[in-house]
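Reading through the structure tokens given below for one structure.
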Amino acid sequence: MGLWDSLLNWLRSYSKRRLGIELGFLSRFEKGKILPSISGIEGKDIPLTFCLFFKQEMELSLVGLQNAGKTSLVNGIATGGYSEDRIPTVGFNMRKVTKGNVTIKLWDLGGQRRFRGMWERYCRGVSAIVLVIALHLRLLFLACFYRIRVPLISLIHANALMDQNSYLFPLKPLKYVVDAADRDSVPISRTELHELLTKPSLSGIPLLVLGNKIDKSEALSKQALVDQLGLDSIQEREVCCYMISCKDSVNIDAVLDWLIKHSKTVN
Ligand SMILES: Nc1nc2c(ncn2[C@@H]2O[C@H](COP(=O)(O)OP(=O)(O)OP(=O)(O)O)[C@@H](O)[C@H]2O)c(=O)[nH]1
Ligand SMILES: [Mg+2]
């Protein structure tokens, strides 16, 4: 047995004996650093001159209407990357991301109406529910404007461009535009959220609300988002709200910190 292994064994038995905690593994060793805080045992006297990390895990579900930026957030957390490509999530995607000593299992759920019925199933038993909302409200206004002003003939052309087969149904793009507006509206997010939170299976699970796309000039303010979502009326669970931009990586670190604080130490 080498020196390093002996040291690890000593640390393991020490932490079990003196702190009552099983040391999962040592993911990093930084000479000369005293561990400032190990989740779950802050405040205890740890006479170690090493930077130790306990293994922690958490499972999260990301919900929110389509185009909110859930997949972009997962990609941002996992790789730090961002893409303008819009590839709607069909059903769900599961991704495991490791940040330091924390392994986060992310359920990235599809936000289209047809997938919302399964949100509850994938939120059961998770450490936290993350609601992502796109804040570019002007879309709604533009859509209304478009609906009123654009002559029918343009709609037929737009329709023909979009889909040759639907040329005979000129109202289809109109519906499409209204849907495009609907999907970004906060009132629909509010209804979906409050309906989800009434499920007894999800009681007590912390909620993290993320107002995304604050890089857009028309984004709502945090207070307006909190008011319009009725977050103050949510009781018996922890609720936190951050304004983020996946595009510009704004507040992603704060989100990660919140998530890590809500992870559980495992052996
Ligand atoms: N301007 C801006 N655009 C963003 C931001 N985050 C995501 N987007 C864009 O929004 C679009 C939708 O992002 P997605 O992450 O696919 O949205 P989603 O919530 O996963 O959508 P569904 O899978 O259909 O539920 C993409 O074109 C992204 O590039 C942001 O912070 N700012
Ligand atoms: Mg997606």
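Glycine too: its Cβ is placed from the backbone N, Cα and C atoms.
As recorded in TrEMBL, the features of this protein are as follows:
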- G64, L65, Q66, N67, A68, G69, K70, T71, G111, N212, K213, I214, D215: GTP binding site (BINDING)
- T71, T89: Mg(2+) binding site (BINDING)
Quiz question: given the binding-site residues Q66, T71, T89, which has the greatest number of C-beta atoms lying within 10 angstroms of its own C-beta?
T71
Under 6 Å from ligand 2 by C-beta, which of these binding-site residues make it: Q66, K70, T71, T89, K213? Sequence order, please.
K70, T71, T89
Chain-internal residues near K70 (GTP binding site), provided their CB is under 8 angstroms and they sit 6+ positions away:
L62, V63, G64, T89, D108, L109, G111, V132
Can you tell me whether DSSP puts K70 (GTP binding site) in helix, strand or coil?
helix
I'd like to know which of these binding-site residues, A68, G111, D215, is least surrounded, judged by other CB atoms within 10 A.
D215
Near the Cβ of G64 (GTP binding site), how many other Cβ atoms are there if near means within 10 Å?
24
What's the CA to CA span in angstrom from D215 (GTP binding site) over to T71 (Mg(2+) binding site)?
17
